[in-house]
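Record features (TrEMBL):
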- 21-39: transmembrane segment (TRANSMEM)
- 490-516: transmembrane segment (TRANSMEM)
- 494-615: domain 'ABC3 transporter permease C-terminal' (DOMAIN)
- 537-563: transmembrane segment (TRANSMEM)
- 583-609: transmembrane segment (TRANSMEM)
- 630-650: transmembrane segment (TRANSMEM)
- 662-682: transmembrane segment (TRANSMEM)
- 710-729: transmembrane segment (TRANSMEM)
- 953-977: transmembrane segment (TRANSMEM)
- 959-1056: domain 'ABC3 transporter permease C-terminal' (DOMAIN)
- 1011-1031: transmembrane segment (TRANSMEM)
- 1037-1060: transmembrane segment (TRANSMEM)
């Protein structure tokens, strides 16, 4: 007999049963193929999003807070390296007269060069106030081509907005724009330099026009570089060979009269890295430090508002406790040698916090206003001050009492401008006035040699040392996408119950199939076939069945993938934060999925065959039932689990606080305890003897006596219902304790982000006045942000450098804000936030983040380090010393503000806020921040935003788990069918005794449905109790309804399959079975 011929004839003869096995295998294949293709599709889509958001960009050169010449791009370009310069700013769109505002815009100032990166000929060739927006923003604004609207952008300048004495009255500028076009993703409309899949809100405008609005001259802060096989070294060499001092916001000028060359900065203060490099490399160079003081006082005589210059010993030796007065000031104060002069000045801190300080110095010398003492260049070039025609025109970043300015002060200004009236040693000036922006206002060298001075300067600097960052955006982006969330594995997990149910269905059907052919197997034994030969014959059938099933499952899997991808892009959009994921099918994904199903199916089938092929005919005909054990172990173990679980649950009391973990553990222990108690009951019933025949008692014993199959039915359904419902219903109610300081909100009411930085301290009288918050009861925690990627669960990419937030640790410590779940030894138990002010070994800076971010977003652990680049190009090493419980800071790293300012001095103001205020203050706060592009939300809503993803995953699990349970009921129907089929002779005997077929059928149906009902209750009760904290929440009132719907569907499905199994067995002539037996 040929095995293949025998297998084909058997398949055709038993085609109905084989079809069900094929469907089970096909369903398993479809689930795995769909999951694998989903994984590939999401990974492919993330890479495509990266390529689309970058266009033809390979490298990105960022100037950070520094503006460089627009022409630098052309200077760097060569045949192998194409470039484009852009001016990036934050923006806000205003429509309908201010009633509608859209903030958090990315505004890109572009020129014609950008078209080459965007794969378009002229879309981005913009003139006047023309703009192009991406599809995302066009949809949000509801605009069409030709429409006009108001655009407000952050006003950029050469100097950081928080630079001392620089006016910041206009931190943003508004102007009308006209929509020229809408850029799709293929045209790089979604340009984004951050590794994230969500679509930005982009607006493109001509760089010339944007610069004019900001009163800049052809400036940029981003360079796009395109080309193959460009190395970092090659790009850095091209940059340093092409830049000029103007690109570094520096000016070199000569003074022929006094015979010196000096370096000054558009940023007022010389960057420390630049100053130290130049002083080291240029022989004979020396620093000068000038500062604006409020007044001089000598014996109650006052002189207001003057500059004081700090001179090094090479220019003039001045005692550290002394000062030199020029003749004008000496006469005005009537001061003589040895007199004590009191200097009063503002110390400008973060957020323009002004602290007036004073110091007493003795007059060491009085000098004429000639030579270096009459050098007007000692006055720093401060916009709004040095270019003012009169004292009354001063625009400074500090308050000026114009009433104190006398006519003689005006005359001095008209004649000498801001020429310093007093001089101190450079050491004294540095001690008093050094700040995060620098410790010199000029670097000088004797002799007039501007070109040589510039060359020495440029030769000493590297891009990193002046805050330029060179980033291989394409390589980093593709790496982040490739290491992102594994959606293939995720959906295998989410589809776990469907997959298991499908495999179990195929397994049970094959077992049933062999059960029907047991006599045939026995006959083959009798004919002399060996067990191995029989096993091989039936294995050929199994191979053909599995082959047909997998072939059918492939198109079903692709259809399942299409359905899931459509859901991900629409109703499940929360888990991906984008709607532009594409389907991507690879042969490898299909082969892997099919291979896994074939292996599992053939292995399980071979094991079943091995058992059946080795049975003898006698064993196949034996069916006597053995007496059950007493089951006392089940009783005592079950009682222990039930009592222990209920005691643990009741220990929580009935108050508002319910510990979700404790309730889940209680439910998890209660479920097996109840199963064991039911098992004891079945054992007890099975061992009872029946002296007199009674139909009702017989019916009960007939169903309850088959303990093993009963417990298989109950165990499968109970565990399935419990795991699906307890997992799917267990949602975290983060709003319940949101008002507590230890919660994820820190006890704050609002979380806010602004498009433009707020430069003032909002808790100060002056800050409140500036924003019109004088009557507000709100208090603010202001955080400073350095550019980085989003490492929260909202980002599918694996990022390397999350955004850094600078915070005052003492404010959080005093409040007892947030909760630490993990800490290193450097962190204090009682005052963990204070640990952020420590400096660790090797200069490492302590940082904290959400534990979920550390573990999943970054793939790190407590104690690991992250490496950044500071503005001065130095390596900044952050050590993760603490992991927070879930908080509104998810996706960010927190460091002490003192370390933030020292490493990112140019970052001005605050754009992230936690606000403590009554909820009724929401509208007044939005009004106060209306020109800052505020995105204001309740802190608890911000926290819940991150949990929308988790809840969406749980919804998917609940849905797919319910589908798995429904498929599982079909498997139970097979088990019940087999039991009914094997007991058909007993049912035939009842019919022979005169009982009606309908009566017997009803008895069998009722008995089996009782088992299903018991199983559902055993699963439902522990599941609901384990999820009680979530069900008690007002956020999830609909969950219990969904639980009831799922249980109802499972019950209905189980009834259907039990009914069909019952009908199939009783459809034949059972009396004939009794005669044959």
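From the backbone N, Cα and C atoms, a Cβ is placed for every residue, glycine too.
The DSSP breakdown of the domain 'ABC3 transporter permease C-terminal' (959-1056) into helical (H, G, I), extended (E, B) and coil residues amounts to 88 helix, 0 strand, 10 coil. Residues of the same chain lying 6 or more positions beyond the ends of the transmembrane segment (710-729) and with a Cβ under 8 Å from any Cβ of it are 497, 504, 664, 667-668, 671, 674-675, 678-679, 682, 703-704, 954-955, 957-958, 961-962, 964-965, 968-969, 971-972, 975-976, 1008, 1011-1012, 1014-1016, 1018-1020, 1022-1024, 1026-1027, 1030-1031, 1036, 1039-1040, 1043, 1046-1047, 1050, 1054.
Applying DSSP to the domain 'ABC3 transporter permease C-terminal' (494-615) sorts its residues as follows: 100 helix, 0 strand, 22 coil. Within the chain carrying the transmembrane segment (583-609), a Cβ under 8 angstroms from the stretch's Cβ atoms is held by residues 25, 28-29, 32-33, 35-37, 39-41, 43-45, 488, 503, 506-507, 510-511, 514, 534-535, 538-539, 542-543, 546, 549-550, 553-554, 557-558, 561-562, 565, all 6 or more beyond its ends. Between the transmembrane segment (537-563) and the transmembrane segment (630-650), fewer than three CB pairs separated by 6 or more residues in sequence fall under 8 Å, so the two stretches do not touch.
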